[in-house]
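Below: the structure, in structure tokens.
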Amino acid sequence: MKRNGIERMEGDPDLQFLLQGGDLLKVLSPSWKKTRHLKLQEDCKTIWRESKKTFKSSQTFDSISAVRLGRQSEGLKKNTGEHVEGRCFTIVFKGRRKNLDLIASSEEEAGCWVRGLEKLISSLVNLSANQAKDQYPFTNIWVPIWNESHSKIWIFSCLSKADKNKDSKLSQQEMKNFLQLLNIGLDDDYAEMLFKKCDKSRSGYLAGAEIEHFYNLLTHREEIDVIYGEYAKTTGFMNAGNLVEFLMKEQREKVTLADAQKIIEKYEPDEQAKGKGLLSKDGFLMYLLDPEAMVFNPDHKEVYQDMKQPLNHYFISSSHNTYLMEDQLKGPSSTEAYVRALLKGCRCVELDCWDGSDNEPVIYHGYTLTSKILFKDVIKTIKEYAFKKSDYPVILSLENHCSVEQQSVMAQHMSSILGSALVTTPLGDGMPANFPSPEELKGRFLIKGKRLNKLEASFADVTEEADNSDVTEEEESSNEADDEPEKKSNKKNLKLAKELSDMVIYCKSVHFNGFEDARKNQSFYEMSSFKEGKAVKLAEESANAYIRHNVEKLSRIYPAGSRTDSSNYNPVPLWNAGCQIVALNFQTGCTELDINQGRFLINGKGGYVLKPAYMRDSATEFDPITLTQGDWLQHKTLHIMVISGQQLPKVNMKKSSIVDPLVKVQIYGVPDDVAEKETSAIPNNGTCGLRLFSHLTVW
């Protein structure tokens, strides 16, 4: 038996347990723990909650991102005891929705809930088109069109929603609703004419092959016919040689005959054609719509760059105020924010540390209404998730506001939790003259923060006294622009615990007093943080000096304090100046974060991207503003042919909303490279969308 395309798996005890449901304790605080009866609905994707409130008998939710067994969330760690560890679990949702912390009546039941929900998530992600065909056989025609699993779920979901009486047939009104859900707008008279043309049985509704015919009339893609026909030279099919010719000529890919044969084996749906080593048009389209055919260089999916260069020769994926889930003033702080950042490949996370009760330091955005989380819980979370997506080192950027006593507690927690993975002495023998490489630092943690003395002092015959036992309380205040003098006047000094100071090896925070002062007086491991305004000004007015500075040292950039909504700045001008740690608010989806994710999509998504050679040369003349002559100056023209597009999202969620799609191509880089071109819009068409040939030349 199948429910909404997801096999119910009659013999699976965990899914059967979810369908039966049970009582769980929902946890919000030490005193607020209330029983909730939850069960899986018949659609196998919605959880139903029983409620005694009038006119509110249930609550549904979906979009589950992950399920975690045990007291892993800060809510469960804070509000429950260790004796219920095995009975606890957390449901994590996508987006900004808060986690759901629950306690089962037994460890066995907790396991059933977690295993069942994980299987459910996996089933949704891996839903196959064959499951849809059992209820709607005509969906077979969509296999080559809707190849990715999420697309299959979406197309089947739209069909199911439109089929109001669930009879596997569509009336004229249901078909109209279906087209709206698919983002296709049609004139009513034209839609009626097509409907009648396809209603061969004259029954007033479409079923099976009739719906297939209707959909084919709307989605026939002449442009694919043209491309396929040009290369299908073997009795109307493509053979491996034809496919190699297409990939090399049109896609500019370096492929072999063996590569083409693997593509045919993977994507050709017709077993007879596959057996002859041929690729049909359906198989060709399936391949084109698969992520494997993206413009992205497949060689870059793995680590391909030299990872044995000094650490400061790489751009490093970095997060600002990592603990925040929402805005900078009143939103929640959460260990989940660290999980999400690290799973996105972030390699530098921030911890704002303050004195907490019971001699336990806490993390939150000081002097705001943001909630507090325990420092030790954050360190435990970082330890658990740091190297799940990347083996390369993680930098813990400490904003230290704690008393000496609680600084000692911080040092103890980091030492006991991170253990030997924490770098507490320079690698190798003797005083280093440069940074170690990401390769040498695999699986290690670096602390960025204040230090009482020079690193060289630890190698002196006689222990050198600290050069200054007082440090600036908040390094992000030390380089504020002149538009915020009140922050500068409010700075105060803070004593620094020696055990915490000694953990700072390669990332000692210092005040920036100009490039000349840094060149003469700063050691390679001494680095400064710059607010975005100051950094952008330096990048515009002293770009070459900034680049040379970053050849020798690390620089960290952070958002202006005025970005209380957790918005982001454009990281590109700072990368152009060689800045490595350009920290963004990872919790905010925006163009700037997309650019950041694009920057670190390459090199195995490891969070480290090697800077160009001319940005690693201490004598470089490169200047992104003036663009003097050099190896970097190579004029190129990017020519893009936009063929067609489909599955384009609605602008809003109104049922009647139909998008007028277009494609916009943007280039980000040095100012002379910044460019933007777009195609003309295609009215009232989202799913078939952009059925045209459009040539864009971007300089």
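Every residue, even glycine, has its Cβ placed from backbone N, Cα and C.
Annotations in TrEMBL come from automatic prediction, not curation.
The O-linked glycosylation site annotation in TrEMBL covers Ser201. Annotation comment: TrEMBL describes Asn321, Glu350, Asp352, Glu399 as Ca(2+) 3 binding site. Per TrEMBL, compositional bias 'Acidic residues' is recorded for 463-484. The domain 'PI-PLC Y-box' feature in TrEMBL is assigned to 500-616. Look at TrEMBL and you will find Ile658, Asp660, Asn684 tagged as Ca(2+) 4 binding site.
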**Q.** Model confidence over the domain 'PI-PLC Y-box' (500-616), averaged pLDDT
**A.** 96
Q.
Using DSSP, what is the helix/strand/coil residue split across the domain 'PI-PLC Y-box' (500-616)?
A. 49 helix, 20 strand, 48 coil
Q: Whole-number Å only: compute the distance from the Cα of Asn321 (Ca(2+) 3 binding site) to the Cα of Asp660 (Ca(2+) 4 binding site).
A: 38
Q.
In whole Å, how far does the CA atom of Asp352 (Ca(2+) 3 binding site) lie from that of Asp660 (Ca(2+) 4 binding site)?
A. 45
Q) Going by C-alpha distance, which of the binding-site residues Glu350, Glu399, Asp660 is nearest to Ser201 (O-linked glycosylation site)? A) Asp660
Q: Can you tell which of Ser201, Asn321 has the least company, meaning the fewest other C-beta atoms within 10 angstroms of its C-beta, among these recorded positions?
A: Ser201
**Q.** Among Glu350, Glu399, Asp660 [binding-site residues], residue with fewest other Cβ within 10 Å
**A.** Asp660
